[in-house]
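Annotated active site, nucleophile per TrEMBL: Thr187, in sequence order. If you look up TrEMBL, you'll see Arg215, Ile216, Gly217, Asp218, Thr237, Gly238, Arg239, Gly240 marked as substrate binding site.
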Amino acid sequence: MGWAIALHGGAGDISPSIPPERRQPREAALRHCLQIGVDALKAQKSPLDVVELVVRELENNPHFNAGKGSVLTTEGTVEMEACIMDGKTKKCGAVSGLTTVVNAISLARVVMEKTPHIYLAFDGAEKFAREQGLETVDSSHFITPANIERLKQFKEANRVQIDCAQPVEKDVKKETPTGDGDSPIGTVGCVAVDNDGNLAAATSTGGFVNKMVGRIGDTPIIGAGTYANNLCAVSATGRGEAIIRGTVARDVAALMEFKGLSLKDAAACVVEERVPRDNVGLVAVSAKGEVTMPFNTTGMYRASATEDGYTEFGIWPSVEN
Ligand code: ASP
């Protein structure tokens, strides 16, 4: 038993020919954020504090689809969502439809800690953020030129709602017109466990490019994109509609709980057998300090570290240490 941490910056059809100027900042951010998380765990911060800290950092980085850098709705607006869960207490908080809150993950935590509820969305969530004194800014803060261009391309090709409503075939998905060899999806997430086996999970996203206004994905849905209990913590990424149908994060925990599977086997079973190919990736840690980061997409930006000195960074299936 020891501490462990894993984080992701989104799974999808990430081309091996992605230009270095798009790849390197993300890799650097993953390394930086992993270090922040490791330092926090070593400093005995709670897993809940660690996952919030790391996800805030990823939200503030415009190279990921969360916070600043969130992809745009069909109307060119941002609607951000996030979820956080404490494995020990099973307390959780979730938010959707945010347009001005700088760190959605911190609002999710405040919902968890300061309301009798779990999930706030749209105007109510925005109002609560102001009442609680969370940092808010004009919506334009979150909108990057790259995402304006992405939306333009998707609109021209009339894409996304079709992707989400139908099973995704690889040849169909390859048509996705991102124009830069990059995936349009890139949610962020972090899971952590401390030396005492306490677990936490956090996930944050802008959703999908050209999503309908009001669309809610898997990220804030407890048990779909995010889940933690006394056995494991899971943060998923990919096509939200497929992840919700697959109850991905909870199924990992349920396979451990009811079938006695190891973390690795449970996560592999969910990713390989329960969700169609090209749809999902996840990062997970167990109470024993194990880590797994499977995906059935072309790639997933990911990083992990454990107390025994193991670290891993990767995008595609071949692991880069
Ligand atoms: N799962 C997210 C969503 O469907 C997208 C992502 O993971 O990049 O909103």
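Using the three backbone atoms N, Cα and C, a Cβ is placed for every residue, glycine included.
Thr187 (active site, nucleophile) is 8 Å away from Gly238 (substrate binding site) when you measure Cα to Cα. Each of the binding-site residues Arg215, Gly217, Thr237, Gly240 was scored by the number of other CB atoms within 10 Å of its CB, and the largest score is that of Thr237. Sequence-distant neighbours of Asp218 (substrate binding site) (same chain, six or more apart, CB under 8 Å from its CB) are Ala224, Gly225, Ala236, Gly240, Glu241, Ile243, Ile244, Val248, listed in sequence order. Checking the binding-site residues Arg215, Gly217, Asp218, Thr237, Gly238 for a CB within less than 6 Å of any atom of ligand 1 leaves Gly217, Asp218, Thr237, Gly238, listed in sequence order. Across the structure, Ile216 (substrate binding site) and Thr187 (active site, nucleophile) are spaced 13 Å apart at their Cα atoms. Here the recorded positions are Thr187, Ile216, Gly238, Arg239, and the one whose Cβ sees the fewest other Cβ atoms within 10 Å is Ile216. Across the residues annotated as binding substrate (Arg215, Ile216, Gly217, Asp218, Thr237, Gly238, Arg239, Gly240), the two Cα atoms farthest apart lie 16 Å from each other. Thr187 (active site, nucleophile) sits 15 Å from Arg215 (substrate binding site), counting Cα to Cα.
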